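According to TrEMBL, the protein carries these features:
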{"type": "TRANSMEM", "residues": "12-32", "note": "transmembrane segment"}
{"type": "TRANSMEM", "residues": "52-71", "note": "transmembrane segment"}
{"type": "TRANSMEM", "residues": "92-111", "note": "transmembrane segment"}
{"type": "TRANSMEM", "residues": "131-152", "note": "transmembrane segment"}
{"type": "TRANSMEM", "residues": "198-217", "note": "transmembrane segment"}
Amino acid sequence: MMKLIGYGYGGVCYLLGVGSLLAFILFANNFMGLVQLPRYDIDSPATVAAPLAWLINLSLIVLFGLQHSVMARPGFKGVLTKFLPSHLERSTYVLGTAVVLGAIVGFWQGITPLLWQVQSELGRQVITGIYFLGWAVTLLATFMLNHFHLFGLQQSFRPGSADAGSKEFKTPLFYRFVRHPIQTGVVIAMLATPDMSLGRALLAMGMLIYIGIGLFFEERDLVKEFGKTYEDYRQRVPPLFPSLRGR
């Protein structure tokens, strides 16, 4: 019975995680203009006064950063696994991410003015293509490691694999050119927009700051886990964007 509950919990968390990410991708691109959801796109007019809109948006960004950082720390995991089987810890992290992304989509307040707006239809299509290319890089990078392990689904269905993804140091494809291609894709997506409002710029800046802080701690953890192997890798491979210089 407990196995079935674990399967169900992991499956639901996975679907919520993927669904919330898809919703965020569409939200941050104003749903590609294909559907009109004026309350749920990133440039919807704020429903509150400007100072409160700023406060809400900044709070959502901080919430995202705290959830991603705190829930990833070993101390938090240790406390969590006192109440929850260890193989469901990653699914719980994904669930937390889904809740926070859902909150951003649901409560974000549009802030004007537009900082830039591309008028050329071809230019808009190219930039939108770059936006989705960024997210494609992020998604593909998860599969190059172990997508289902990263999203907790593998652990919930195969409890013995809970730590399997963290013992072997691998550098498949994208990881031969940059150390953190998942974040590379997010950076590209956050900056590639034909319509950059002040609100979207705030979200992009918040995400970039979080990525910078998050990578600082992630690099430290990777050095602790893999030692000289990772130190050598860090010397050879840049963090986010391929080097144009020969090595």
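Glycine is treated like the rest: Cβ placed from N, Cα and C.
TrEMBL entries are annotated by machine, without manual review.
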Beyond the flanks of the transmembrane segment (52-71) by 6 or more, those residues with Cβ under 8 Å of it: 46, 77, 80, 92-93, 96-97, 99-101, 103-104, 107-111, 199, 202-203, 206-207, 209-210, 213-214, 217
Positions on the same chain near the transmembrane segment (198-217), where near means CB under 8 A and six or more residues out: 28, 42-43, 53-54, 57-58, 61, 64-65, 68-69, 72, 104, 108-115, 180, 183, 186-187, 190-191, 239
